[in-house]
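Sequence annotations record features per position, and here Swiss-Prot assigns NAD(+) binding site to T7, A8, G9, S10, K11, G12, L13, G14 based on similarity to another entry.
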Amino acid sequence: MRHALITAGSKGLGRKVTETLLAKGYSVTVNYRQDEEAVSRLKEACPDCLDRLQFVKGDVTKKEDLLRIAEAALNRFGRIDFLINNAGPYIFERKKLADYTDDEWYGMLEGNLSAVFHLFKAVIPIMRKQQFGRIITYGFQGAAHAPGWLHRSAFGAAKVGLASLTKTIAIEEAEFGITANMVCPGDIVGDMKEASIEEARMRIGKEKTPIGRSGTGEDIARIIAFLCEENSDLVTGTVIEATGGLNVINKNQTT
């Protein structure tokens, strides 16, 4: 049985990925930070999967927690086939670089880039022994080309660095049957993070995307599930955008 480790997998986009992988028969270790209610809701939604589901509390900005999460996954299920780096802090306040505090800057880098480095270091040796692995990171529209993103300098810098790291790992680990790809969700907000595509289509015309509907957690989960398949090994080192045609990073740009 293939096993997935997903950070922040109990709610939002992560929950939809967790549910999709469970539906495919995989076992999943779900990391969460502190929301026990979200864990309870996910357990209630998947009563027949509890023998394939493990929850591990931890803060992805802390190296010791990341190592403990990876160890828990390996100890319980004996392998880690898929590493889904879903967690990543984000500052919603819109402000320019000069207005960031040091803590905010380093928090963005630690949570969105260094955390992934530590998980890579822990999980890649396991995948090498298996001669199989699928690594997924998250980015934003245009991350592969290092665009400027007004009022999102710290987050943008971390994710652009992560795009390069993802592509590098794809090259370095290809000989071991390991692929690495970045998925870039569009403007998926609120309850749409846990929504289905069908639910989004019921709201066609109410969204500002060119396709007429919002992106959903299911959109992202379907892409990730495909990338995790054994026969998806030809797809590696890619940055895949799922935006519905919306120009996400420039929609609020005025200067």
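Here the Cβ of each residue, glycine as well, is placed from N, Cα and C on the backbone.
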Remaining residues near the recorded NAD(+) site, that is with C-beta within 8 Å of the centroid of the site residues T7, A8, G9, S10, K11, G12, L13, G14: I6, R15, V17, T18, V30, Y32, N86, A87
Candidate with sparsest Cβ neighbourhood (10 Å radius) among G9, G12, G14, the listed binding-site residues: G12
Distant-in-sequence Cβ neighbours of A8 (NAD(+) binding site), under 8 Å, six or more positions away: G14, N31, Y32, R33, V60, N86, A87, G88
Residues satisfying Cβ distance under 8 Å from K11 (NAD(+) binding site), sequence separation of at least 6: Y32, D35, A38, R41, L42, K193, E194
Spatial neighbours, same chain, of S10 (NAD(+) binding site) - Cβ under 8 Å, 6+ residues apart: T18, V30, Y32, D35, A38, V39, L42, F55
